[in-house]
Amino acid sequence: MAKKVEILVVGDLMLDHYIWGSCDRISPEAPVQVVKIAKETHRLGGAGNVVQNLLALGAKVSVASVVGDDEVGLRIKNMLSELGAGGGLILSEKGRESSIKSRVMASHQQVVRIDKESAVKINLESELVQKVTENLKNFSVVLLSDYGKGVLSDKVCRDIINECVRLDIPVLIDPKGNDYSKYKNATLLTPNRKEASEATGIAIKNTIDLRAAIMKLKNELNLKYSIVTLSEEGIALFDKELEIFPAEAKEVFDVTGAGDTVLATLGFMLASKKDIKEAIKMANLAAAVVVAKIGSATANFGEIEELLRSRANAEFEHKIKSAEQVAEILSQRGEKKVVFTNGCFDILHAGHARYLAKARDFGDILIVGLNSDASVRRLKGESRPINSQLDRACVLSGLGFVDYVVIFDEDTPMELIKKLRPDILVKGADYEGKEVVGSDIVKDVRLVEFVDGKSTSAIVKRIKDADK
């Protein structure tokens, strides 16, 4: 089993308190909604959400921070310990009030947020820096999650960054405020468009402005990479040139914590020795998973893989239609010639691809009738098909020269041909001298030569022989 990457998160820890309920009336005391509480939940917020995102990705995580010597601070420390992300690097400061953000949620919407915190500079700067620098050699990457609550002061940032540079450890920062000078010499920052505009004094209205702002950040702060997150547009990177990586999100329910997800994913990927472009692409995917959830959330690789699978299916499934749907489409075809062929196409190979490409050359629209799993079993035996009908349909749909795929359950495509009324039928040359199903309806029948030695049966036999 591969060793887990070890990452240190330094920053402002918070407790997110969610009050869930229903709202169906207005208060008689004031023009405000009345929320009937159903349940309350607590999550780690701020830098704690970065931690949870890293854990979801499979990293080993330690946390360095300062919390108040109070009930909320103790709860934060206990929650981190339960997650296995304590590390003994969290200090408690007397007289400091730990951050807690209470959100009232009704009908999946946030009604109000109530903050309780002391957003002032910590008194334990030197102690925190000492804790961090004594342990830096244990980590592949350091992430600074700055929420402007006082933990990441100028001294703390500069001292940690300088030591990371000395030890050649990448340090990634989610910044806060207008003055980014304390982040000088970091590997990269992840400001959003608004934050980058405020930090550079450049109103980012177009790509030219974006390039100017992102270059200014890179040059003035001596960053290895300069990044700006662009919400629904994706992530912009300036390495040697400006490049924008499009966002992957299709459904957005809540953007809370999406920046934490981006920081965590970039850190994890760089700790795993991936290049920056691959890291950004993965961060976009992780963010797409998170914004489709309610509240601060995380994304794991299983969810990211499922997102990619669903995207792949969605891209191809628009070609997979019922006979009725295709018949309706063909009713509007005008002068276009429709070509029809059919088969099991169990293990798609080069012979299939050439056959279908040739079939498409005969007309303007190619429809493939695909035998269902039950139909294949009746024709080929109980050991077939190797691939399910949906998998076979998706693979066929991925071919540019296939326009539509229609699955049929009968032993022959006769009923399908009657419904679609194509202009041309195509079959393999082995049908020479034989009656082609549907030829009494469609008079134009074309036969295509197969590629010698290319067949699903031959492939299956080779696989079985190799296992002997």
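Each residue's number is its place along the chain shown, starting with 1.
Each Cβ is built from the backbone N, Cα and C atoms, and glycine gets one as well.
What Swiss-Prot records for Asp260 is active site, and it gives sequence analysis as the kind of evidence. Its Cβ taken as reference, Asp260 (active site) is surrounded by 31 other Cβ atoms within 10 Å in the chains shown.
Sequence-distant contacts of Glu195 (ATP binding site), defined as residues of its own chain at least six apart whose C-beta falls under 8 angstroms from its C-beta, comprise Pro175, Lys176. In the three-state DSSP classification, Glu195 (ATP binding site) falls within a helix. Annotated ATP binding site per Swiss-Prot: Asn192, Arg193, Lys194, Glu195, in sequence order, evidence recorded as sequence analysis.
Predicted-model confidence for the region 'Ribokinase' (1-315) is 91, expressed as mean pLDDT. The region 'Ribokinase' feature in Swiss-Prot is assigned to 1-315.
Annotation comment: Swiss-Prot describes 340-468 as region 'Cytidylyltransferase'.
Ranking the binding-site residues Arg193, Lys194 by how many Cβ atoms sit within 10 Å of each one's Cβ puts Arg193 at the top. Checking each of the binding-site residues Asn192, Arg193, Lys194 against Asp260 (active site) by C-alpha distance, the shortest gap belongs to Asn192. Take the mean position of the Cβ atoms of Asn192, Arg193, Lys194, Glu195, the recorded ATP site; other residues of that chain with a Cβ within 8 Å of it are Pro191, Ala196, Ser197, Glu198, Ile204, Val228, Thr229.
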